[in-house]
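*Asks:* This is the structure I want to talk about, given as structure tokens.
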Amino acid sequence: MSGTPAAFFDRDGVLNVDHGYTFEIDRLELIKGAGAALAACRAAGLLVFVVTNQSGIARGLYDESALATFNTELRRRLAVDGGLIDDVRFCPHHPDAVVARYRRSCDCRKPAPGMILHLAEAWNIDLTRSIMIGDKQSDMDAARAAGVAGYLFEGGDLLAFLTDVLESRGLQGARRREV
């Protein structure tokens, strides 16, 4: 086995509450246990990545600068509970985009596996030992297409959910912690 295993997380609906095109910091609300869940991944020897479709950019609802500001604050809040993110990839494209430069089909918009595959190449990731946590079928389809085990998060405590996933995979360091 070469490469490092990783945990890929969708953003909206998994790490933060999905309010629909969530990009304003005053609407940033973490999912229960999110920071501690990322910390549990690190304790289990996984790198941590976020892969997120952000079609609100293509729709002209916000720009890449607003997204970067939101993601910086998200990272800061997750870090309070030890949740560190190694890298974030986002897809701003949509086939029906209002903003012309983002109007296209691409290999990065989930369910395509492009974001996962690009991270795997950049970080030398062993996809066969990696996981994807998402809240939509498109996340599971992207995971499958990349050769990653996908787990559908349907809400609740992300730490409890992820602890069960890590334990089912026999990963060390997976211990429940109260948040």
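Quick reminder: no glycine exception, Cβ is built from N, Cα and C everywhere.
Caution: TrEMBL annotation is automatic and unverified by curators.
Model, not experiment: these values are computed from the prediction.
From TrEMBL, here are the annotated features:
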| type | residues | note |
| --- | --- | --- |
| BINDING | Asp10, Asp12, Asp135, Lys136 | Mg(2+) binding site |
| BINDING | Asp10, Arg11, Asp12, Asp18, His19, Gly20, Tyr21, Thr52, Asn53, Gln54, Ser55, Arg109, Lys110, Lys136 | substrate binding site |
| ACT_SITE | Asp10 | active site, nucleophile |
| ACT_SITE | Asp12 | active site, proton donor |
| SITE | Thr52 | site 'Stabilizes the phosphoryl group' |
| BINDING | Cys91, His93, Cys106, Cys108 | Zn(2+) binding site |
| SITE | Arg109 | site 'Contributes to substrate recognition' |
| SITE | Lys110 | site 'Contributes to substrate recognition' |
*Asks:* Consider each pair of residues in Asp10, Arg11, Asp12, Asp18, His19, Gly20, Tyr21, Thr52, Asn53, Gln54, Ser55, Arg109, Lys110, Lys136, all listed by the record as binding substrate, and report the largest Cα separation in Å as a whole number.
*Replies:* 20
*Asks:* Identify all same-chain residues not among Cys91, His93, Cys106, Cys108 whose C-beta atom falls within 8 angstroms of the centroid of the Zn(2+) site's C-beta atoms; report them in sequence order.
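*Replies:* After dropping the recorded site residues, what remains is Asn53, Pro92, Arg104, Asp107, Arg109, Ala112, Gly114, Met115.
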*Asks:* Can you see whether DSSP assigns Asp12 (Mg(2+) binding site) to helix, strand or coil?
*Replies:* strand
*Asks:* For the recorded positions His93, Arg109, Lys136, work out the Cβ neighbour count at 10 Å and name the residue with the minimum.
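*Replies:* Counting other Cβ atoms within 10 Å of each of the recorded positions His93, Arg109, Lys136, the minimum falls on Lys136.
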*Asks:* Going by C-alpha positions, which of the recorded positions (Thr52, His93, Asp135) is nearest Lys110 (substrate binding site)?
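*Replies:* For Lys110 (substrate binding site), the spatially nearest of the recorded positions is Thr52.
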*Asks:* Using Cα-Cα distances with a 10 Å cut-off, which of the binding-site residues Asp10, Asp12, Cys91, His93 are near His19 (substrate binding site)?
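*Replies:* Candidates kept after distance check: Asp12.
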*Asks:* Quick one: give me the count of other CB atoms within 10 A of the CB of Tyr21 (substrate binding site).
*Replies:* 15
